[in-house]
Protein chains: 2
Amino acid sequence: MDTRTGLPVVGMVGAGQLARMTHQAAIALGQSLRVLAAAPDDGAALVAADVQFGDHTDLAALRTFAKGCDVVTFDHEHVPTEHIRTLAAEGVKLYPGADALLYAQDKRAMRERLSALGAPVPRWRPDAADLASFGDEVGWPVVAKAVRGGYDGRGVWMLDAGSPLPPGVELMLEERVPLRRELAVQVARSPFGQVAAYPVVETVQRDGICVEVLAPAPGLPEELAVAAQQLAIDIATALGVVGLLAVELFEVDGGLVVNELAMRPHNSGHWTIEGARTSQFEQHLRAVLDYPMGDTTLTAPAVVMANVLGGEPGGMSIDERLHHLFAAEPGVKVHLYGKQVRPGRKIGHVTALGDDLDDVRERAGRAAKWLQEGSLRPRESQ
Amino acid sequence: MDTRTGLPVVGMVGAGQLARMTHQAAIALGQSLRVLAAAPDDGAALVAADVQFGDHTDLAALRTFAKGCDVVTFDHEHVPTEHIRTLAAEGVKLYPGADALLYAQDKRAMRERLSALGAPVPRWRPDAADLASFGDEVGWPVVAKAVRGGYDGRGVWMLDAGSPLPPGVELMLEERVPLRRELAVQVARSPFGQVAAYPVVETVQRDGICVEVLAPAPGLPEELAVAAQQLAIDIATALGVVGLLAVELFEVDGGLVVNELAMRPHNSGHWTIEGARTSQFEQHLRAVLDYPMGDTTLTAPAVVMANVLGGEPGGMSIDERLHHLFAAEPGVKVHLYGKQVRPGRKIGHVTALGDDLDDVRERAGRAAKWLQEGSLRPRESQ
């Protein structure tokens, strides 16, 4: 407990933009998020009062960090499962726990477990041993995934018949699902077992990176929206998740297929900061603190979040770009992560809200493009 | 400039709840607010990464603090005018500047200037010398105000004929205005001269402290609302304010009378965090950074902010109260300032939003009362 405020202390391992925005939400709840940062210029380390430095794979660093925290949670999935188990055995409260987090860390374990639960998943193989026969069965190309450690399109390969396997990485195989589009649904679950679901969103990817999120997913039949929320609630409950769970889905002919799971605030939920009555960051804190969940209602009929990726170096500074953007779009909300600009790196996001999806989407897209490129010329690589 | 982010550095003198919530807004803009705190447990010092300690009346401390800030602004009005002038002469950019801030620091100067501008003010006298004749002219009781340093009902006295003057304080006199109710309007002005006005709100006071803000002010005729916004815009422009200006108004038969001015984010604007597209804290930052102003549109037809005052010691902890509140009111937004509870001290606020003012007001009031008292029994002093 923080003796200055009489409130419990939440620690977050990792100090990227998720921790940064969680700290923002923590302030309203009377909290100050404690973060374990790798470097002083990590997004959250730049803005939080309570920063410790250390490696998230170092048990001793984690142990020191956890001391004085009432609950420890995560900005990413990369803390070794065995360290989480060790700390839990030593009495540290960690959410999500190792038994749940495993399914966000290990894609093979996730596929096994979801299959056993009867959740809709692509056809898959636990390793690459029978690539040829699997490809002949499900059709080429086949999706090969790193069992651990992939994100934002990294750790995923499309293999044609006879393709060499990517070297030095433990692989599993999945069929390439003939998808209509990608959806995502966030739920939060508390230790008490309360679960709250956000509206289902559409996520738009480019080169394996999410560039845009549309909330609510346009034209999604009500029964499919409810099915997606129920699926996420069932998964959160079955896996014993505490905190946020993001379920990434493929919409296919005849229904839904689970793509990935994340157990933390997630890029597909950034729209909730302005677009839902309770942001995913506040919700994650409420969940790990075992507070009752907040209202997940939309605040506008149409909400669009667009990621801002780092553009080519040179040209207008971010500060100048902000000036122009705010002049052109006084209603677009900007979130910058305090990161040095590198091409392709997520350096922030923008959110637009309104009554008309097309209008909102155009405003968000234009704002993101402007921050990214400092120019409104058509993107060459589109 | 912050070399890590390429963005300008904003420093705020004072580290109370206004700085705390300004820091929250700064994070989204890629910033980290630098604060000058008096003590480690100041609300903003608990949550900000960039904290310096010092006395806001100490020129040397202010000078050290300003070093490396691109712009310096204020959490309160208590920095001596002459220090602001000295620093400005040394090249520090301070917003609002001394020439504007004076009118939020010195009530006599404010009355003189507003009278000269033709703004509606109560009848007043620059000192208490002719109390008896003034009282006979405008009616008893007469309002005596400390020329400098009053806030939240402190520094204000009601004097009847023959009352002794409060000792040891420089006074001015005002007529007691027969008011229907109190209103407030926030505007923000940038160095460029752009001004943006928020909707006019009603502020409800109890014992001289604002307990509730209703946005927009219910039943306010459109022409009076526009007149109030225009008045605030005119004052901001005439005084050369940069940043937020809150104009506290009395609604009287036949129009409006200016009560007080504040040149910073203000309690009467806390509703904007969820209730307006751009919060007053973001708007203040945009103004002092000379960014174009954000959209001030309401996000719901009715928004009510209720202050949470510290209750009597003992009983349920704040943490327990939060549990119960969140269970009962999943849609009410809570803002706690990290303060030790002392009876009557503002320790936070809550905001409710919706379509129906009566419903929203009841939810906000009940939530504030609960956090305050840990009980729903009727308040004895009501």
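Quick reminder: no glycine exception, Cβ is built from N, Cα and C everywhere.
Because TrEMBL annotations are produced automatically, they should be read as predictions rather than curated entries.
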Of B:K93, B:K107, residue recorded by TrEMBL at the ATP site of B:K145, B:E174, B:E175, B:R176, B:V177, B:E182, B:N259, B:E260: B:K107
Number of other Cβ atoms within 10 Å of the Cβ of B:E174 (ATP binding site) across all protein chains: 21
Protein Cβ atoms within 10 Å of B:R176 (ATP binding site), excluding its own: 15
Overall pLDDT for the domain 'ATP-grasp' (B:111-289), taken as the rounded mean: 95
Among the ATP-binding set B:K107, B:K145, B:E174, B:E175, B:R176, B:V177, B:E182, B:N259, B:E260, as the record gives it, the longest Cα-Cα distance in Å: 18
Candidates B:K107, B:E260: member of the binding-site residues with the richest Cβ shell (10 Å): B:K107
B:K107 (ATP binding site) - helix vs strand vs coil (DSSP): helix
Other CB atoms within 10 A, centred on B:E182 (ATP binding site): 19
